[in-house]
């Protein structure tokens, strides 16, 4: 475990150092190249704005109106029958939609049930093993101007569902 | 599809607000959501500029080519439409690496670059190609070695073993990555049968 936290601490600095030294050895004009590449980042960030504004307004309206809570109440009994703890259901629903809200819910569950409780470990694992599909979709496709997404959303959401199921199964076997 | 979901979420929200009397919350949510989105993008600028700058050096120095040739057999199977040695490979791989180490911030710019290259491969058309959907599926269920953010939260709440979730998360993400690839393959198979 110590090795893992050391790796995550050292990874970025080592990567930066490596790229800079390697570039210098290959006679790349490092600073100029960095600036050229960086300029692209500004264009990219600005071009994402309308996509994110549209998506995030819709999501916050949906949430603030109480529609999301209502929907969850409906889904809850079905999922409880499947033996999944009701506490993590809202997290599973919100996870693909809003990364910040999901992170808030995970912290909430951890603080309410304790980080080392079954629910705490399950919530941590769900948070770590799924992703904000809507965000990834909006940002990645938005930035390069993809308008017709095809099956991408369906595939992404099903993949999230698979991650959620996998988290429950693994945690139940290891900690249940 | 996105158009319908977008309108659906907004309209259902508005109807709900009318029934539930949460109109004032919804009014607030419209501007809060917009502000949050812009703040997020502004916050992204720093990360995008830094990592795209770094990656440009790596690309010019030939590091991305090295990386893609290292994993070529594995990735060509996943992305049969991407020719060997295409710059898209390098970006796809660096994005996967960043995701594995829980570096979401570094992963986003690389992912966008990968999408850009994939779009170029697709003749600049505005619909998602097969490779793009595969890339997205892998991205949303990516294998995570170190879930940094979650570990940080667990430490904040005085966990006795904050890193105890590393094992379960790794197992769950491996499972879901395989599932994502299978789901993606299934949808591709369905599309190609329809012609």
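FYI, residue positions are counted from 1 along the chain as it appears here.
Cβ from N, Cα, C; glycine included.
The structure displayed is predicted, hence computed values, not measured ones.
Residues or ranges marked as domain 'Nucleoside transporter/FeoB GTPase Gate' in TrEMBL: B:42-152.
Taken from TrEMBL, the feature transmembrane segment covers B:6-26 (among others).
For the transmembrane segment (B:38-58), same-chain residues at least 6 beyond its ends with a Cβ under 8 Å from one of its own Cβ atoms are 64, 91, 94, 105-106, 108-110, 112-113. The transmembrane segment annotation in TrEMBL covers B:38-58 (among others).
If you look up TrEMBL, you'll see B:133-153 (among others) marked as transmembrane segment.
Annotated transmembrane segment per TrEMBL: B:165-187 (among others), in sequence order.
Residue counts for the domain 'Nucleoside transporter/FeoB GTPase Gate' (B:42-152) under DSSP (helix as H, G, I; strand as E, B; rest coil) come to 82 helix, 1 strand, 28 coil.
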